[in-house]
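This report refers to the structure that appears directly beneath it.
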Amino acid sequence: MSSLFLLFLLHITIATAAQLRPDHYLPTCPNAESIVRNVMKKALIREPRSVASVMRLQFNDCFVNGCDASVLLDDTPTVPGEKQALASINSLRSFEVIDEIKEALEKVCPGRVSCADIVIMAARDAVALTGGPDWKVRLGRLDSLSPWLEESNEIMPSPRSNASYLIDLFKKFNLSVEDLVALSGTHSIGQARCFSIMFRLYNQSGTGRPDPAIEPKYREKLNKLCPTNVDQNVTGDLDATPRVFDNQYFKDLVAGRGFLNSDQTLHTFTQTRSFVKLFSKDQSVFFKAVVNGMLKLGDLQSNQRGEIRRNCRVVNKR
Ligand code: HEM
């Protein structure tokens, strides 16, 4: 483990339930949750994929110095933001949905609801609105005063990752093997770029061959979607039902039809395979596990000073 990573982990604490509370905004902005949900409903109608894109922000936010909305900061002339990070650039999207939520909240209760909490509420709503479970989230986070670009580059996993790397990575965040598999199941909605799978289609691990774990018919389909000369921003579905939050993702993995290497590897490795199989057979077990995983992911907190931003893209003026 690099020294930067170690240093970074010192800045993260696992929040206790006492610090974050479901009713945090009851006295200051009692309608916060319904305001967030209404904007998410509109976003879903306008562009179905956008809710998946918003949900992904929780992962990229919380793994990098805890859930502090650092992922939302735009570049400034002097400080590049996390949007430039390897795992974000040309990929993270739908920041405008967060802007719309923030504007709606600022109208009703200005300066009260943090952008970090907006990400957590909106991610939960993305799951609930697409057919997945609904749950109470813990709130009361503050927004970071700076982005963490270097840390993001260091930490966020590549789509090439294998299960043993991912198990070790998630363990550092107090997330178990079951949490890893359940949280990967959020790829039940949304899309990814050809860019993220070119190596596994044409040169897996430098072999000059495709990943043998891909089922042949599915590989034909992916080869058509992403030929060697493709514009690598072309996107494909992360599972067979990309607008519905269900356990189809796991059924696809069992059939060798996972889109990303980091998805299919969960079925290839024995330590993760038992959870893949379990979730593929029993959607309600998956739903319970993903709620638990999202709550634990949301409990990763920064111990740095923070604020409630007026605009999620910039820190407040001093
Ligand atoms: C286990 C490690 C993970 C890896 C390696 C990973 C990697 C990726 C990659 C490479 C993409 C597509 C990027 C692109 O091609 O533009 C993606 C999309 C996505 N990820 Fe993950 N991810 C992981 C875990 C998670 C977690 C924990 C969540 C949710 C909390 C999540 C939610 C999503 C969603 C919803 C999308 C689709 C977004 C869209 O359609 O815009 N991922 N992920």
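Positions of Cβ are set from backbone N, Cα and C atoms, glycine also.
TrEMBL entries are annotated by machine, without manual review.
Per TrEMBL, these features apply:
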type	residues	note
SIGNAL	1-17	signal peptide
DOMAIN	19-316	domain 'Plant heme peroxidase family profile'
SITE	Arg56	site 'Transition state stabilizer'
BINDING	Asp61, Val64, Gly66, Asp68, Ser70, Glu82	Ca(2+) 1 binding site
BINDING	Pro157	substrate binding site
BINDING	His187	heme b binding site
BINDING	Asp239, Thr241, Asp246	Ca(2+) 2 binding site
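Looking just at the domain 'Plant heme peroxidase family profile' (19-316), the mean pLDDT is 97. For ligand 1, the binding-site residues lying close by, meaning a CB under 6 A from one of its atoms, are Pro157; the full candidate list was Asp61, Ser70, Pro157, Asp246. When the binding-site residues His187, Asp239, Asp246 are ranked by how far their Cα is from the Cα of Asp61 (Ca(2+) 1 binding site), His187 comes first. Spacing of Pro157 (substrate binding site) relative to Val64 (Ca(2+) 1 binding site) is 11 Å (Cα to Cα, whole number). In sequence order, the recorded positions near His187 (heme b binding site) (Cα within 10 Å of its Cα) are Arg56, Asp239, drawn from Arg56, Asp68, Asp239. If you take the C-beta of Asp239 (Ca(2+) 2 binding site) and look for same-chain residues 6 or more apart in sequence within under 8 angstroms, you find His187, Ser188, Gln248, Tyr249, Asp252, Arg257, Phe259. The binding-site residues considered are Ser70, Thr241; of these, Thr241 has the fewest other C-beta atoms within 10 angstroms of its C-beta. Sequence-distant neighbours of Asp68 (Ca(2+) 1 binding site) (same chain, six or more apart, CB under 8 Å from its CB) are Asp61, Ala116, Arg141, Leu142, Asp143, Ser144, Gln301, Ser302, Gln304, Gly306, listed in sequence order. Of all the recorded positions listed here (Arg56, Thr241, Asp246), Arg56 has the Cα closest to the Cα of Val64 (Ca(2+) 1 binding site).
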